[in-house]
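Undergrad: From Swiss-Prot, for reference:
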type	residues	note
BINDING	19-27, 67-71, 125-128, 155-157	GTP binding site
COMPBIAS	179-208	compositional bias 'Basic and acidic residues'
REGION	176-208	region 'Disordered'
MOTIF	41-49	motif 'Effector region'
Amino acid sequence: MSSGDFGNPLRKFKLVFLGEQSVGKTSLITRFMYDSFDNTYQATIGIDFLSKTMYLEDRTVRLQLWDTAGQERFRSLIPSYIRDSTVAVVVYDITNTNSFHQTSKWIDDVRTERGSDVIIMLVGNKTDLSDKRQVSTEEGERKAKELNVMFIETSAKAGYNVKQLFRRVAAALPGMDSTENKPSEDMQEVVLKDSPNETKDPEGGCAC
């Protein structure tokens, strides 16, 4: 047990990343963890796990990031990972209309397992490909409002809004009520630092 476990336990929160194949789930995690992007696409096999410490104003939390495979053959594994998650990050590709439509199914899956006791963030990724955009920002905002979930657009490749995504999620975590209701533009005041001891599950899938 580390010294940080005495008196002031490090609160851990599980974030599960969901969405169709190749929408950029792994790339968002890689950008957040290592501030890097791999142009070579490799599908995640099964489930991958990483964790990162975030320093949020007067408290520290440990985010456990679960990266799920988008392929149909791994779908049966996913409900068990949703079941005890605090946050579900549902990702679609703004250049792929089908991936956007499928987010309704993913969100339904989350609510089937977790009811309303979960934070859901809808993420439109790949804004760097705006010339190929098939899903407008307004469509994403409208769906998020209809389904009562949070919304943000990102580019894992360019790094656009990736830290902001995690800041907003962290500010909405249980016990963060003092920041949960702040306007989104104020979320930038949440301090994000890299942990000196980031960990990766040695049995995880690919990290690209």
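Just so it is clear, glycine is given a Cβ too, placed from its N, Cα and C backbone atoms.
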Undergrad: Which residues of the same chain, at least 6 positions away in sequence, have a Cβ lying under 8 Å from the Cβ of Ser155 (GTP binding site)?
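TA: Spatial neighbours, sequence-distant, of Ser155 (GTP binding site): Asn125, Lys126, Thr127, Asp128, Asn161, Val162.
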Undergrad: At a 10 Å cut-off from the C-beta of Lys25 (GTP binding site), count the other C-beta atoms across all protein chains.
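TA: The answer is 28 other Cβ atoms.
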Undergrad: Under a three-state reduction of DSSP output, how is Lys25 (GTP binding site) classified: helix, strand, or coil?
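TA: Helix, per DSSP.
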Undergrad: Quick one: what's DSSP say for Ser155 (GTP binding site), helix, strand or coil?
TA: strand
Undergrad: Secondary structure at Lys126 (GTP binding site) (DSSP, helix/strand/coil)?
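TA: In three-state terms, Lys126 (GTP binding site) counts as coil.
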Undergrad: Inside 10 Å of the Cβ of Ser22 (GTP binding site), count up the other Cβ atoms and send me the figure.
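TA: Within a 10 Å radius of the Cβ of Ser22 (GTP binding site) lie 17 other Cβ atoms.
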Undergrad: What kind of secondary structure is Gly19 (GTP binding site) part of, going by DSSP in three states?
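TA: Reduced to three states, the DSSP call for Gly19 (GTP binding site) is strand.
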Undergrad: Looking at the motif 'Effector region' (41-49) alone, can you tell me the average pLDDT?
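TA: Here the mean pLDDT over the motif 'Effector region' (41-49) amounts to 66.
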